[in-house]
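Please read the structure below before turning to the comments.
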């Protein structure tokens, strides 16, 4: 019985700002087992597309390469976590198991089973908060035992708690005694000699690989991307503004978002939060106070985590106390499939949906656009369909954050949006955000030769124009699946009737102000004509 400790990687796929790693290595002389377990669900692998799985595996490979520099390995296995850790106790007498908190309720049964096994065997179980800035349970306690129902209430609550902790120091792995599994572990469990590829786990490309942008997973890439992002933020702060992509998002340029790295924990949210805050203070020399606006997207992430933590039905309508029960219609024919595959006949929608499936990414303004189109904007289908699709394909899709966004945009959890008669028009919004049609031409190549004045409404092009463009509507590219203006008008009437029925709606999440709505939906003051459907 050698003793030792185990570090269980789930999210938090990094070595920097990893308090669980510090805890596991308090004694470097005993065997240390860094482990990732494929149990069919961990890290979002229950429903997963090729890009998401590849990003995860690249993150694991990056960890493995870093451990190899110090004579160790990341142990990658298939199995049931509590069974594996019990066997480690039986064979090695491990005395400590450490891991980063996964606060979402979807992980609770898994973690409870592991904690129970640790209690039965006498193994010390240490869970550390570092995937979020504040511990959600602490926020709820400070808010009187209930989650804050508005974003502004959340901001007020965390202001009473105080600043989030700063990152812990990096740890020197020199001299760590890495544990090695005996041969019989390879017989009892599936233990990989090297980090597998997606195909080894039964995940394959479901369409031709036409990626224009290649996302790379792992801590090494994430830290490099953060430095690039901080340079963008620095230049923005020097100009006296913030949120550089908010007003005029670049749909074609290389993405500067760090959300996939944050979602898998390849980048510490605390490292990024404090790097941005410190940079702001450095630029302005204390003349301006750092507001929540400069890290607003990180705070929204925290808010959605906190709203979900005690709500196992957060990702669905049924039994979800914060979600309005909107009577969405059942999908008819292939309309849901056409939305998923980017064959709606609306070029801006189709370009976005094809980018999502091929690259695993969409700019936030595009997410709002396709979500509005699926739900209250046009098709009047449940946001649950959209959530399931995003969870499979979107690289940064956290269960809580993704579900929160879908409830937001579909008006399912936000009364003020339900009161609004505006919804994003895929034609006008496309013209504003991509006036030359370059984004559409990239992801919908059959429209590449369509003149710019018809690129967002190709069905209006005369037949001779369609012939010259080698794109006959209804043959080479589909006609619109619905009349958007008629559908939008019908949906507005539906919302009006819902408002009448729900005059005394039960307490549920709602925006704090119209300004908050505009920030969340990435709408400038000049977007009234683009979002109007009249």
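Note: Cβ is positioned from N, Cα and C throughout, glycine not excepted.
Owing to the predicted nature of the structure, the values given are computational and were not obtained by experimental measurement.
Residues near residue 298 (FAD binding site) in space but far in sequence (CB under 8 A, at least 6 apart, same chain), listed by position: 133, 262, 269, 272, 273. The feature FAD binding site is assigned by TrEMBL to 242, 297, 298, 299, 300, 301, 302, 303, 304, 396, 397, 398.
Residues or ranges marked as domain 'Photolyase/cryptochrome alpha/beta' by TrEMBL: 3-133.
The site 'Electron transfer via tryptophanyl radical' feature in TrEMBL is assigned to 328 (among others).
Over all protein chains present, the Cβ of residue 383 (site 'Electron transfer via tryptophanyl radical') has 28 other Cβ atoms lying within 10 Å. Per TrEMBL, site 'Electron transfer via tryptophanyl radical' is recorded for 383 (among others).
TrEMBL lists 406 (among others) with the feature site 'Electron transfer via tryptophanyl radical'. Counting every protein chain shown, 25 other Cβ atoms lie within 10 Å of the Cβ of residue 406 (site 'Electron transfer via tryptophanyl radical').
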From 302, 304, 328, 397: recorded positions whose CA lies within 10 A of residue 406 (site 'Electron transfer via tryptophanyl radical'): none
Most crowded position, judged by CB atoms within 10 A, among 300, 304, 328 as recorded positions: 304
Residue 302 (FAD binding site) CB neighbourhood, other CB atoms within 10 A: 22
Distance, residue 397 (FAD binding site) to residue 328 (site 'Electron transfer via tryptophanyl radical') (CA atoms, angstrom): 23
